[in-house]
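Q: Relevant sequence annotations retrieved from TrEMBL are reproduced here:
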type: COMPBIAS; residues: 1-15; note: compositional bias 'Basic residues'
type: COMPBIAS; residues: 32-45; note: compositional bias 'Low complexity'
type: DOMAIN; residues: 51-81; note: domain 'RNase L inhibitor RLI-like possible metal-binding'
type: BINDING; residues: Ser65, Val113, Leu136, Trp151; note: S-adenosyl-L-methionine binding site
type: DOMAIN; residues: 87-213; note: domain '16S/18S rRNA aminocarboxypropyltransferase Tsr3 C-terminal'
type: COMPBIAS; residues: 223-240; note: compositional bias 'Basic and acidic residues'
type: COMPBIAS; residues: 241-260; note: compositional bias 'Acidic residues'
type: COMPBIAS; residues: 323-346; note: compositional bias 'Acidic residues'
Amino acid sequence: MVRHKKDNFRGKKGPHYTPRPRPPPESLASYDPNDPNATPPTTSTHPPFKAAAWDLHHCNPNRCSGKKLMRAGLLRPLSLGTKHSGIVISPQGTIPVSPADLPLLETYGAAVVECSWNRINEVPWGRLGGKNERILPYLVAANQTNYGKPWRLNCVEALAAAFAICGRWEWAEEILGGFGYGEAFLEINGELFERYSGAGDAEGVRRAEEEWLVKIGKEYTGRREKKTDAEEVEGLLRESGDEEDGDGEEDGEEEEEEFDPYGLPPSDHDSDEEEQMAELRRKVLASRPFKAVGEEEEDTKQAPVVVSRPQEPVVTKPKQEIASEDEKEESENGSESGDGLDDDFDNIIKAAPVTDRSGIAALERKRAREKGTVR
């Protein structure tokens, strides 16, 4: 028998298990049962507002406000290429969010772009957006990354700002309920939300924004002027204080010089000691002529003396003494050898023919001298 896949036939893979129902998302609204005015949370799992986002995965998932809203079921993810029919909060918009956008907000909701402000140029704006793109007016961020910076809101702050400007303050409180900086954001921008929600349309919101910018600009310049004036006054006070301290020190020195704690007249003993010291000083100065250090060094220094190298005296010995010395050396050498080998060597040398002219001439002179001594 042939079974069709619609018959839910699974063969031998095991019994069919039905998936466990998914628990409803935790509500971000704070509820105190002890408060009689507090309204209990509704059993419906759907929030009263409609919110969506294009997630470009630029941020850390553990710190991203958009992903936290998605996990809580308060934000619907959108894929690239999908257009949104409601309010699209984007920095590419030219019309500010105003109370006139409340029908669109209630019918279709609002959408934001989940991306990093540092990588805003990487966003493919052509593949996302819609017909009703809006830009937020001047607001100050309260999140940990861009605290105190204007126009640097994250996803949850942008959605809450759109809800508050359109008059849905309770939606803004609910969506910010799970974030620690939610109350701070509403408190910092409370006056701005009142101004923007009181304006009727986009032109009124734009005028309110310009008035607020002019106001904070004047306050900033006023604080700068006050700061410079305070610095100038402080500098003058510091200079005057330094002058007073200098005058006080001079007066104190004069008073110390003029003030005598005992008021005693000078004694004769002190005058005698001064005379003795003056006499000793006079004798020391008169004992030797004092000169400057440079002059003494010049006097002590003398020009170097050139000493000629001593020459060794040349001692001329007579020929007989030279001959006797040669004989002594020969006798000593012969005695050291001991075997008469040197005599044999001398005989061999004498018997060798002499071909050198100088040697022949010396031999002839020697023979002539011998003949003369024999006669």
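Just so it is clear, glycine is given a Cβ too, placed from its N, Cα and C backbone atoms.
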Q: Using a 10 Å cut-off, grab the number of neighbouring Cβ atoms around the Cβ of Trp151 (S-adenosyl-L-methionine binding site), all chains included.
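A: Other Cβ atoms found within 10 Å: 14.
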Q: Over the domain 'RNase L inhibitor RLI-like possible metal-binding' (51-81), what is the model's average pLDDT?
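A: Per the prediction, mean pLDDT sits at 88 for the domain 'RNase L inhibitor RLI-like possible metal-binding' (51-81).
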Q: So for Val113 (S-adenosyl-L-methionine binding site), how many other CB atoms are inside 10 Å of its CB?
A: 23
Q: Let me check the 10 A CB neighbour count of Leu136 (S-adenosyl-L-methionine binding site). How many other CB atoms are there?
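A: That number is 21.
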Q: What's the number of neighbouring CB atoms sitting within 10 A of the CB on Ser65 (S-adenosyl-L-methionine binding site)?
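A: A 10 Å sphere around the Cβ of Ser65 (S-adenosyl-L-methionine binding site) contains 26 other Cβ atoms.
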Q: Write out how many residues of the domain '16S/18S rRNA aminocarboxypropyltransferase Tsr3 C-terminal' (87-213) are helix, how many strand and how many coil, based on DSSP.
A: 65 helix, 17 strand, 45 coil
Q: Max Cα-Cα distance in Å among Ser65, Val113, Leu136, Trp151, the residues listed as binding S-adenosyl-L-methionine?
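A: Result: 18 Å between the two most distant Cα atoms.
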